[in-house]
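Annotated domain 'KARI N-terminal Rossmann' per Swiss-Prot: 2-182, in sequence order, evidence recorded as sequence analysis. Residues or ranges marked as NADP(+) binding site by Swiss-Prot on the basis of sequence analysis: Y25, G26, S27, Q28, S51, S53, D83, E84, V85, Q86, G134. If you look up Swiss-Prot, you'll see H108 marked as active site. Sequence annotations record features per position, and here Swiss-Prot assigns domain 'KARI C-terminal knotted' to 183-328. Annotated Mg(2+) 2 binding site per Swiss-Prot: D191, E227, E231, in sequence order, evidence recorded as sequence analysis. Look at Swiss-Prot and you will find D191, E195 tagged as Mg(2+) 1 binding site. Sequence annotations record features per position, and here Swiss-Prot assigns substrate binding site to S252 based on sequence analysis.
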Amino acid sequence: MARMYYDEDANLDLLAGKTIAIIGYGSQGHAHALNLKDSGLNVIVGLYPGSKSVAKAEAAGLTVKSVADAANAADFIMILLPDEVQKTIYKNEIEPNLEEGNVLAFAHGFNIHFGQVVPPANVDVVMVAPKGPGHLVRRTYEGGEGVPALFAVYQDASGQARDRAMSYAKGIGGTRAGVLETTFREETETDLFGEQAVLCGGLSALIKAGFETLVEAGYQPELAYFECLHEVKLIVDLVVEGGLAKMRDSISNTAEYGDYTRGPRIVTQQTKAEMQKILSEIQSGQFAREFVLENQSGKPGFTAMRRKESEHKIEEVGKDLRAMFSWLKKA
């Protein structure tokens with residue numbers, strides 16, 4: 001069984017007196033920067049001139065510099081930008097400012113694993129990837145807890161890369177919950193697979209198919225929305241708390257029996273074969289090439305798919321229903 005590492009396994013002093021540059025101030029960026037700052041470390045934020053995030057970061061008491069200046073001033077550089085822009089910003093702003101002994105860090109292995117970013121041999125290259133959104137990383141830290149994280153070493157130029165990665169994980173609160181060691185390849189391929197086959201692609205397709213089946217059979221769209229989308233959270237919360245066993249222990253016998261007897265008719269061996277094909281496309285780099293080319297061409301297909309999905313009836317029904325949910329209404 002994989003070993004988890006905790007606070008006592010990591011030494012925060014390894015980053016004491018060092019300057020940590022957080023490149024980007026989005027969901028993960030703001031959480032990492034503020035948690036590291038509250039851990040007593042010296043943090044600066046790298047943003048492009050005119051970024052709307054400059055005011056937010058400065059209001060939080062953080063020093064903001066251009067990406068190039070932040071990279072130049074830092075010992076430890078964490079890149080928390082969208083995958084599709086990392087290559088260009090790294091090449092133009094970060095790479096020219098790297099020095100021997102620096103740490104180049106990522107929260108996802110995509111660009112390193114697929115060769116979009118090729119670091120020099122004289123820097124450490126590590127990954128620290130919280131397994132939760134930024135707001136949760138921040139909120140749990142403030143509550144004295146943390147979000148579990150993955151960490152990995154791609155290149156150990158200093159001989160301390162692993163310890164430095166664990167130190168950073170401790171600084172953002174990850175070792176409070178536990179951190180698991182992996183590799184850039186393993187994190188990248190499993191993360192992409194989970195997103196595509198289960199969490200995003202698989203779940204979205206399942207929800208829409210269920211909704212469409214009920215509506216096409218003449219049932220009210222509002223009821224179809226409740227049964228196929230709204231109640232997903234109720235089930236997922238149980239699964240997260242105690243696995244499939246707790247979920248099944250918490251639902252009715254009718255629902256549990258239907259789970260066992262009908263579920264395998266939805267996710268069949270053919271479905272699993274398609275999952276294996278999707279995994280192969282990830283492993284071979286086919287998906288990465290497709291995604292890179294799509295972005296290089298201006299995202300025409302991506303934009304069209306976004307527009308089409310936004311016009312699905314489930315979005316219209318959901319918007320109207322959510323407007324009536326008192327607990328979702330803005331104060």
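Any Cβ shown, glycine's included, is placed from N, Cα and C.
Feature map: annotations from Swiss-Prot on the structure.
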residue: S27; record: NADP(+) binding site; DSSP (3 states): helix
residue: S51; record: NADP(+) binding site; DSSP (3 states): coil
residue: D83; record: NADP(+) binding site; DSSP (3 states): helix
residue: H108; record: active site; DSSP (3 states): coil
residue: G134; record: NADP(+) binding site; DSSP (3 states): helix
residue: D191; record: Mg(2+) 2 binding site; DSSP (3 states): helix
residue: E227; record: Mg(2+) 2 binding site; DSSP (3 states): helix
residue: S252; record: substrate binding site; DSSP (3 states): coil
C-alpha spacing of Y25 (NADP(+) binding site) relative to E195 (Mg(2+) 1 binding site), in angstrom: 23
Rounded to the nearest Å - Cα separation of Y25 (NADP(+) binding site) and the residue listed as 'active site': 16
Cβ-Cβ distance under 8 Å to G134 (NADP(+) binding site), same chain, at least six residues away: G26, S27, Q28, G29, H30, A31, H32
Inter-residue C-alpha distance, S252 (substrate binding site) and S51 (NADP(+) binding site) (nearest angstrom): 51
Cβ-Cβ neighbours of S27 (NADP(+) binding site) (radius 10 Å): 15
Recorded NADP(+) binding residues, Y25, G26, S27, Q28, S51, S53, D83, E84, V85, Q86, G134 - maximal Cα separation rounded to whole Å: 19
Which of D83, E227, E231, all binding-site residues, has a Cβ with the fewest other Cβ atoms inside 10 Å: E231
Model confidence over the domain 'KARI C-terminal knotted' (183-328) (mean pLDDT, whole number): 97
Residue among recorded positions S51, D83, V85, H108 with Cα closest to the Cα of D191 (Mg(2+) 2 binding site): H108
Under 8 Å by Cβ from S51 (NADP(+) binding site), counting only residues of that chain that are 6 or more apart: Y25
